[in-house]
Each structure stands twice: as C-alpha cells, then as structure tokens.
Amino acid sequence: MRLILLGPPGAGKGTQAAFLTQHYGIPQISTGNMLRAAVKAGTPLGLEAKKVMDAGGLVSDDLIIGLVRDRLTQPDCANGYLFDGFPRTIPQADALKSAGIALDYVVEIEVPESDIIERMSGRRVHPASGRSYHVRFNPPKAEGVDDVTGEPLVQRDDDREETVRHRLNVYQNQTRPLVDYYSSWAQSDAAAAPKYRKISGVGSVDEIKSRLSQALQS
C-alpha cells in the first residue's frame, strides 16, 4: 500500500496515519525526519542538505526527491509507504511523478474550516505533565485547571485562533491545489495514476478509521 494523506491541519491525519502504518505494516515517510536522519548518517545527500540548511537556505525539491528515493529503497518500504506532509506543493508533486515514485491511493480527509478552528483553538494543556484537554470535547473537572494538580492550563501559541486561521490560509494557497492535481490525474486513467478518495474527517476516531478502511478497499 503506497499512499498520500491530504487534508488541512487539524483534520486528524496524524491519528489516521498511525492506524494505517500499523495496519499495513508500512513506514510513515516524513521529509523532516528523513532530512534529519540523512544529515545524522552523513550520506552524500545528507551532507549536501546540511550545507544548505547551515547557510540558512531551503532544501531544493530535487534534493528532497533524491532523499525520498534513497529512503524508499530501505527494506521497511517493501510493503509500501505513507507520505506524511509531502508533497506540499505542485512542483513537489510533479517531481514525485517524474521520478516514477509509485502511488496506489491519495486520500483527502475533509473537515469544514469551522470544525478545525473549534478543534484546535479549544485545546488546553498542563505544561508540566503534558496532559491535554479540550474546552468542549474533553474538559477538565474544574474550568481552566488540571485535574490532578489543580494548576492552571494554558493554550499553546499554535492553537490560538489567529494562528490556526493563518495555517489554514497557507494550506488553502499552497497544499489545497494538490487535491485538484491528484483528482484530475486519477480521472485521466493514465497507467501510473493513483486512485483518489475523499472521506469526511468529522466524527469519532473509529468512525473515520472505518471510512478510511472502506475507501482503501474500493
């Protein structure tokens, strides 16, 4: 099973990716982790990437694709792989296609923007323990304080509504076009085209898991 999960921040991709990697026995390919591993291992591409990053530059798509190709030759990719946070842009998707990297499915997890804002801006954490709550879906026993210590809960900067809205705007402008890219390719009936599936990301984790399983069998 070789696939890409698409969807806005807060759509639950991380939770579903964990289920899929376990279910199919495939690794989650994250370009961030891959870059760090290549730099640490001192591979030729890793050293090249380190040079760029040390100079404060952005690693080129060509270099990323080279790292992806290297990563996919490793034994744990024999049964497939799941791309996490990649590709993010049309040029990256084009580069992936040109490199002949096979895909079986591209799955879009769709969640209305208002739901995402509520999900993310309602999160609260207890910094010392990492315990997390949600003002609506998983509230503490007493408002604004940790159940165990009674210490105040905080809202992380990442979860503030203005930050969430900014991240959603970046997604709409940069990554959302991939939805059209992959759905058009899937409809073209080209030999290498992946199947494109869209599922609703609204509901319980198990409900979404079930929708995802059905989508990957159709």
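Glycine is treated like the rest: Cβ placed from N, Cα and C.
Under the heading ATP binding site, Swiss-Prot lists Gly10, Ala11, Gly12, Lys13, Gly14, Thr15, Arg123, Ser132, Tyr133, Gly203, citing sequence analysis as support. As annotated by Swiss-Prot, AMP binding site applies to Thr31, Arg36, Gly57, Leu58, Val59, Gly85, Phe86, Pro87, Arg88, Gln92, Arg156, Arg167. Swiss-Prot lists 30-59 with the feature region 'NMP'. The region 'LID' feature in Swiss-Prot is assigned to 122-159.
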> In angstrom units, rounded to an integer, how far apart are the Cα atoms of Arg156 (AMP binding site) and Arg123 (ATP binding site)?
Replying inline: 8
> Rounded to a whole number, what is the top Cα to Cα distance in Å among the residues the record ties to ATP, namely Gly10, Ala11, Gly12, Lys13, Gly14, Thr15, Arg123, Ser132, Tyr133, Gly203?
Replying inline: 19
> Which one of the binding-site residues (Gly10, Gly12, Gly14, Gly57) has its C-beta surrounded by the most other C-beta atoms within 10 angstroms?
Replying inline: Gly10
>> Counting other Cβ atoms within 10 Å of each residue's Cβ, which of the binding-site residues Arg88, Arg123, Arg156 comes out lowest?
In response: Arg156
> Any idea what the Cα distance is from Gly10 (ATP binding site) over to Arg88 (AMP binding site), rounded to a whole Å?
Replying inline: 16
> For Tyr133 (ATP binding site), which residues of its chain lie six or more apart in sequence with Cβ-Cβ distance below 8 Å?
Replying inline: Arg123, Arg124, Val125, His126, Pro139, Pro140, Leu153
> Hey, does DSSP put Phe86 (AMP binding site) in a helix, a strand, or just coil?
Replying inline: coil
> How long is the line from the C-alpha of Thr31 (AMP binding site) to the C-alpha of Gly14 (ATP binding site), rounded to the nearest angstrom?
Replying inline: 15
> If you skip the near sequence neighbours and keep only those at least six away, which residues in the chain come within under 8 angstroms of Val59 (AMP binding site), Cβ to Cβ?
Replying inline: Leu35, Ala49, Val52, Met53
